Amino acid sequence: MNTQARTHLSLKNLSFALVGQFLSIIISVIARIVFVRTLSTEYLGLDGLFTNVISILSLVELGIGPALVYSLYKPIAEKDIELIKSLMKLYQKAYLIIGSLILLFGITVTPFIQFFIKDIPDIPYLHFIFLLFVCNAAITYFYSYKRSLIIADQRKYIDSTYRYSSFILLNIFQCIVLIMWKNFILFVICQLIFTLIENILVSRAANKLYPFLKHKNVAKLNRFVLKGIYKNVKAMAMHRIGTVIVLSTDNILISSYVGLVAVGLYSNYRLILAALNIVLIQFFEALKSSVGNFGVTESQKKTEKVFRKIFFMNFWLYGFAAVGLLCTMNPLIEIWLGKKFIFSMDIVLLIVIHFFLGGMRQAPLTFRDALGLYWYDRYKPIAESIINLVVSIILLKMMGISGIFLGTIFSLITTCFWVEPYVLYKYGFNLSSKSYFITYIKYTSATVLAGLISYGACNMLIGTTLLIFVSKILITITVTNTLYYLIFRKTEEYLYFKDLVIDVIQKLFLKKKLAQVKNFKI
């Protein structure tokens, strides 16, 4: 596949994902307002807690998903249908086992779920609600393997269409349920039903796109292919364990040591962060399959050159977003839900720092996944999770909720910050990572400067009216982007994206003009 075709598919995947996520954010904001006005904060905390417990149960997936997608890049590029059929058969069996294990482990954990909560709330059918969460998670895995083929084939726009349409309809139905019956059990049942419907529709779409998935004559994989898959799965298992422990223990620790109300407050921040993160991650998810295709067809030197451009985009997106969050997250929550739902600024600062540091990993992780480099940093997530858990518990007892975020930041800096780029440059590009860290310092310094100026300017505006909130948004947009432009306007990376944007706009304008000429009648 040539560069133009890869770029076209990447932009198509990105545009579908961005539109879908934009609509999802709007419906999520409305749904959260309905939730907090119809149910207590304890229910909000319970939803966040059970979601994190399910994430820990999903450890049985062991990172098979990324390993599956990576193993499909080469046969898809070479149009090796027989190998694709064999791989899909293997992963169908694997995901059937995974879904069954999640059901089994979920049922086993159910009698002990109250031990994750400091003060047991007056919520009926607690164990039944958790079982509904378990069933919802298991259903997803029974169909995941076909979704992975669509994504690996650079057709993520199809997945996005089904995913976001389902999510929007789900939230509408959940709002109706809450307004009419104020019943959390019906709220969760809606989620289970829509998860099932969405996965069935994606499965049918995959069958239409790839009729060979229905073929019965499927050859067994040879030892060489199996060895490579098992190696990647073993490495990804460690990544999966580390990631789940780091991302899913915050709410469990808060619930165990502070209580469900604090989990409920934090869940509002997580909703904003997750919505923003998902939008930004779409830029990288849309590129991943194209990078994978590029990696198996082009040289390491060319791949590293592409990485520098993607890393620049990574910095601009997450730096701008971090400054915006610092200046507007508390005002947004105060206007949206009320003053009683906000954290102090020291906690918000820690949340934003973690968001930025985690976000700056997206470019290295995109290339690591696309190039299949999981094996080389397989011990990193284990070290990260141990450091995170130990330091977070120690600091939580000393400092309260701030200690959890400090522990997570500390574990990220001592592991991911340097290991991931080191592995990428050494094994992916065969180069020294020194240039990466120099660039990272430049990007971070620019973001800190933009943050200081923007926060200082926003603090001059007193009050929490909608007009002041919009003014703060305009300040962060203007200050951050102007500063970035002044600093980086002459760099190769900036000029590349400038030309790309101009090219896309010109093509859209030309397409519109041609359509007008075609429809013109005398």
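The backbone N, Cα and C atoms fix where each Cβ goes, glycine too.
TrEMBL entries are annotated by machine, without manual review.
Positions annotated as transmembrane segment by TrEMBL: 16-37 (among others). Among residues of the same chain six or more beyond the transmembrane segment (16-37), those with a C-beta under 8 A of the stretch's C-beta atoms are 43-44, 156-157, 160-161, 163-165, 167-168, 171-172, 174-175, 178-179, 268, 271, 275, 278-279, 282, 285-286, 336-337, 341.
What TrEMBL lists as transmembrane segment is 49-73 (among others).
Within its own chain, the transmembrane segment (94-117) has Cβ neighbours under 8 Å at 49-50, 53-54, 57-58, 60-62, 64, 126-127, 130-131, 133-135, 137-145, 252, 255-256, 259-260, counting only residues six or more beyond its boundaries. Summarising the annotation, TrEMBL assigns transmembrane segment to 94-117 (among others).
Marked as transmembrane segment by TrEMBL: 123-143 (among others).
What TrEMBL lists as transmembrane segment is 164-180 (among others).
Residues of the same chain lying 6 or more positions beyond the ends of the transmembrane segment (186-206) and with a Cβ under 8 Å from any Cβ of it are 129, 132-133, 135-136, 139-140, 142-144, 146-147, 149-150, 158-159, 162-163, 166-167, 169-170, 173-174, 177-178, 213. Annotation comment: TrEMBL describes 186-206 (among others) as transmembrane segment.
The annotation transmembrane segment is assigned in TrEMBL to 241-266 (among others).
Summarising the annotation, TrEMBL assigns transmembrane segment to 315-335 (among others).
Through the fold, the transmembrane segment (341-360) approaches residues 36, 265-266, 268-269, 273, 277, 280, 314-315, 317-319, 321-322, 325-326, 329-330, 333-334, 401-402, 405-406, 408-409, 412-413, 417, 440, 443-444, 447 of its own chain, all at least 6 residues removed from its boundaries and within a Cβ separation under 8 Å. Under the heading transmembrane segment, TrEMBL lists 341-360 (among others).
Residues annotated as transmembrane segment in TrEMBL: 404-425 (among others). Below 8 angstroms of C-beta separation, residues 246, 250, 253-254, 304, 307, 347, 350-351, 353-354, 357-358, 361, 364-365, 367-368, 371, 373, 376-377, 380-381, 383-385, 387-396, 431-433, 436-437, 440 of the same chain, each at least six residues beyond the ends of the transmembrane segment (404-425), sit close to that stretch.
Same-chain neighbours of the transmembrane segment (437-455): 308, 311, 315, 319-320, 322-323, 326-327, 356, 360, 418, 421, 475-476, 479-480, 483-484, 487-488, counting only residues six or more beyond its ends whose CB sits under 8 Å from a CB of the stretch. The transmembrane segment annotation in TrEMBL covers 437-455 (among others).
Marked as transmembrane segment by TrEMBL: 461-488 (among others). If you look at the transmembrane segment (461-488), the same-chain residues 6 or more away from its ends with a CB under 8 A from one of its CBs are 312, 316, 319-320, 323-324, 327-328, 331-332, 334-335, 339, 446, 449-450, 453-454, 494.
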Query raised in the report: Cβ pairs under 8 Å with the transmembrane segment (123-143): which stretch of 49-73, 164-180, 241-266, 315-335 has the most?
Result: 49-73
Report task. With a Cβ cut-off under 8 Å, give me the same-chain residues at least six positions beyond the ends of the transmembrane segment (164-180) that come close to it. Result -> 19-21, 23-24, 27-28, 30-31, 34-35, 38-39, 186-187, 190-191, 194-195, 197-198, 201
Report summary line: Beyond a gap of at least 6 residues from its ends, the CB atoms lying under 8 Å from the transmembrane segment (49-73) belong to 84, 87, 91, 94-95, 98, 101-102, 105-106, 109, 113, 116-117, 129-130, 133-134, 136-137, 141, 144-145, 148-149, 151-153, 225, 228-229, 232-233, 235-241, 244-245, 247-252, 255, 260, 263, 288-289, 292-293, 295-296, 369-370, 372, 374
